[in-house]
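Quick notes on the structure that follows.
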């Protein structure tokens, strides 16, 4: 997204493009004067406040404002318009408002406006800002929809949403008939959901000639997008200030040392302005944070305070905004240093940034379909990302970009464009969605960048193993219900299985806790022992999934027994737990429970703590995660994946790592190939239980290994009726599916 617009709040009454629909005067001179004294807001019929005019002056200073007339002309005459502009030009806040004016001028006969964002933080903050600029109420005329939170009504004119939420809406409303204008923002981020929408909307536009599509992107992607939609018109917005770029003259030796040195050189120089540092990964953020805080504590007070802000995009509250004016008046000068990664490029919304330090590298998650695991790959950023980081300084006449790489590296080693997530991600959820919206022939869907055939085949294979597909390759009844949950298909399958195994309550808690950000806080140096002591009180001998239930239940007990929210926050702080993550888990769980009730799935009363309940939870987990099993091959915690020859260790925060008791077989929620190869969220399972639940056609396809032989021997010790029942359950025959699926 792109916001100098969020820093600016002042000019003459706005000259609207559709005066005939917005004018409230008779036309006589006296009436016009009266109308100007009390101009009415056409969106709610109330007089404009003084703040509206103050913000209007700021809007008119945005680079995009001078393109309003040409944009409105293009909108009237074309079905698709591409808006190309730098990340501080104002397109994310102004274009949706102009589209709302267009919809108002035609009396909303084709619907309202929806604008997608790649990040939920930007969707929320843009909605708040635009509601303020339009002088209307947030949640009424302007609202937002993000995962597990809907701040809209049926009367909402302009909605901001995350791209995945608009994608999910297509399951129930494939042609998006509620909207007259759809705006895809931040397309240059190439998120999976945005790329899917780009492809699907081509068909929607053919079916709905009255629908308008606006595509906002950075300049480097403009020509590709214009030709993708058939040489559509492009509105180009230029920023006004040049930026000084400083490259390294020689090879990079130590990026951490260079970053730390630059931060303090800038601070001691006396030049005003905040600093943004782009690092490769979150671990680098933590390391840099500690080093800067440690060295900053020894600064001379005369140079001013240095406030270090780690910006983690996964956290809901992470957003870097301008300092409030009242805050400025109450404090001495402070220079803020924001530490972030490439994921934070869209989250910097402050015109006070005067310096950007760019290491030129990022650690990306790249999915390997052959081993069904993500690899963390350190690689150069793209030229388009480097340009976006430069654009953060576009509003500053004296901004400086320090590139900790050579100019030759930028031209030869950096790719022109950021890789599409579709070419690097696990596509199982996407394929489930495409099947749900009944897109015939995935290979023929017109994606801007086609996904790898191997990734598509692996996704289809996994859905088949999960019983989400029938014999014809269409969605089974299981698959249709799985697609109702905004979760990974494996997690959705585990929830469905829990309906049969009478442990829905516990499974919903597990699903919410693994979907929300980690509830365990990053522990500062020196406090590790105290944190582990606190966390030991939550440990469960059956594994990490059960430990998460203990944490959630303890949080719920604290909420019920606390006098106020502050007491809950203090409890979380004392236990080294993230209060915001636990609140998010609570919200997610409530929505999942609502889905269970809406589609009338059976819901058993909680029975957590009993031996039978523990076994049932593991059965439900195995029903979805039978492809994520590992065995300790040497008794020392070296776990070999069942599906391939990768060796991993349990994460240090695992209950087994803390108690030093390593089970032989574990089911795990997450594994990434990286320096440490950690398995995250693991629980012990037995070979016998695994063989009861695993689909036989999946097991037969496993490569030969010692682990497979051990499992085969375990199956030989099972009662014959158990094995036969399992084969019936896991067979792809529709009749067998109906026998097991008591929820149908």
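Just so it is clear, glycine is given a Cβ too, placed from its N, Cα and C backbone atoms.
Feature annotation (Swiss-Prot): of 185-188, 189-192, 193-196, the stretch labelled motif 'DEAH box' is 185-188. Among residues of the same chain six or more beyond the motif 'DEAH box' (185-188), those with a C-beta under 8 A of the stretch's C-beta atoms are 1-2, 91-92, 115-119, 122, 194, 198, 215-218, 220-221, 225, 346, 384, 388, 417-418. Between the listed binding-site residues, namely 85, 90, the fewest other CB atoms within 10 angstroms of a CB are found at 90. Applying DSSP to the motif 'DEAH box' (185-188) sorts its residues as follows: 2 helix, 0 strand, 2 coil.
Of all the binding-site residues listed here (87, 92), it is 87 whose C-beta has the fewest other C-beta atoms within 10 angstroms. Under the DSSP three-state reduction, residue 85 (ATP binding site) is assigned to strand.
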